[in-house]
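Sequence annotations record features per position, and here Swiss-Prot assigns transmembrane segment to 33-53, 77-98, 113-133, 178-198, 226-246, 288-308, 320-340, 347-367 based on similarity to another entry. As annotated by Swiss-Prot, heme b b562 binding site applies to HIS83, HIS182. Annotated heme b b566 binding site per Swiss-Prot: HIS97, HIS196, in sequence order. Annotated ubiquinone binding site per Swiss-Prot: HIS201, in sequence order.
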Amino acid sequence: MTNTRKTHPLIKIINHSFIDLPAPSNISAWWNFGSLLGLCLAIQILTGLFLAMHYTSDTMTAFSSVTHICRDVNYGWLIRYMHANGASMFFICLFLHVGRGLYYGSYTYFETWNIGVILLFVVMATAFMGYVLPWGQMSFWGATVITNLLSAIPYIGTTLVEWIWGGFSVDKATLTRFFAFHFVLPFIIAALVMVHLLFLHETGSNNPSGLISDSDKIPFHPYYTIKDILGVLLLILALMILVLFSPDLLGDPDNYTPANPLSTPPHIKPEWYFLFAYAILRSIPNKLGGVLALVFSILILTLFPLLHVSKQRSMMFRPLSQCMFWFLVADLLTLTWIGGQPVEYPFITIGQLASILYFTIILLMLPIVSLFENKLLKW
């Protein structure tokens, strides 16, 4: 008799995706982040759902409703901090997942990669809107500064910003619509994840060597289910250490002050995971130029398949490209640090140099080094 999991119309989809899926036999721990991102999304949707039961999206009561959740709701503080720090874990996993894709040439799966870039944009938009909801000082001013960037668009900019605000400033209408979008977007993310996996399973997973592994596949279960469970336990451990020992480590103290349109905080900055893009935005004196650089800093990921000129897919056997990759990582860490610093000398200059270096490494240095390595192969 045939197994139910192989014949049942619904169960067989799950079976082909997570149980009998043929997987390369040599994928390393860097391939764990897909499942960890799925876990992060599940944690965020669940904790967010329970927070939404007690949160009110009104400028008068939003701040106090978050306080009420932390003080009066049973384990509300735990749910709130799991949600806030869960976002940080989400982005750590996202950055590592994208980094893995760049290092091992996974971007040659064109559709999977581009859906991934769209996912990155949507997750960033969701996180930004979520940061506005507690209605603290940094929520309000962050929303004001970032939405104001759209006014740099010629002709329609100002109208567009006022349309998004629902008035002439960030106010009740803005908060309500941000809450609505913040609630619905994670479900859109979940749908996009399905599409991401659909395209991935058309081709099969990449592996560290970058070589075709069709001749050497193993079933996903039990080998990689066990491996993923280890990753899950480590992620939950890290998240709970963060939540239970220093829940405000990655937050901004200014967000414990209720939003006040009449008082601007000395340093307006977003959450840590946006700082690299914020540094690129600030490094260009022109408003429109800054906005374009900000968008292109993420959109540039879509160019990687086109910029790939190497004879080899993965960087595993390309030491010069590896050097360039780690230069890029160091540069992104520098940008993250600069994004959190005040706009003064020497931070302005460092930020400008790091921004130029970011685009130069991706658009110029990596392809040149790859071509040089191709030449070395003929020696």
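From the backbone N, Cα and C atoms, a Cβ is placed for every residue, glycine too.
Feature annotations (Swiss-Prot) mapped to structure.
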| residue | record | Cβ neighbours (10 Å) |
| --- | --- | --- |
| HIS83 | heme b b562 binding site | 21 |
| HIS97 | heme b b566 binding site | 20 |
| HIS182 | heme b b562 binding site | 21 |
| HIS196 | heme b b566 binding site | 21 |
| HIS201 | ubiquinone binding site | 14 |
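Checked against HIS97 (heme b b566 binding site) by C-alpha proximity, the binding-site residues HIS83, HIS182, HIS201 yield HIS201 as the nearest. Count of Cβ pairs under 8 Å against the transmembrane segment (178-198): among 113-133, 226-246, 288-308, 320-340, 347-367, the largest is for 113-133.
Residues of the same chain lying 6 or more positions beyond the ends of the transmembrane segment (347-367) and with a Cβ under 8 Å from any Cβ of it are 279-280, 282-284, 293, 296-297, 300, 303-304, 307, 309, 321, 324-325, 327-328, 331-332, 334-335, 338-339, 341. With Cβ pairs under 8 Å as the measure, the transmembrane segment (113-133) is packed most heavily against 288-308, out of 77-98, 288-308, 320-340.
Outside the transmembrane segment (320-340) by six or more residues, the chain places 99, 102-103, 269-270, 272, 274-280, 282, 310, 347, 350-351, 354-355, 357-358, 361-362, 365-366, 369-370, 372-373 with a CB less than 8 A from a CB of the stretch.
Spacing of HIS83 (heme b b562 binding site) relative to HIS196 (heme b b566 binding site) is 24 Å (Cα to Cα, whole number).
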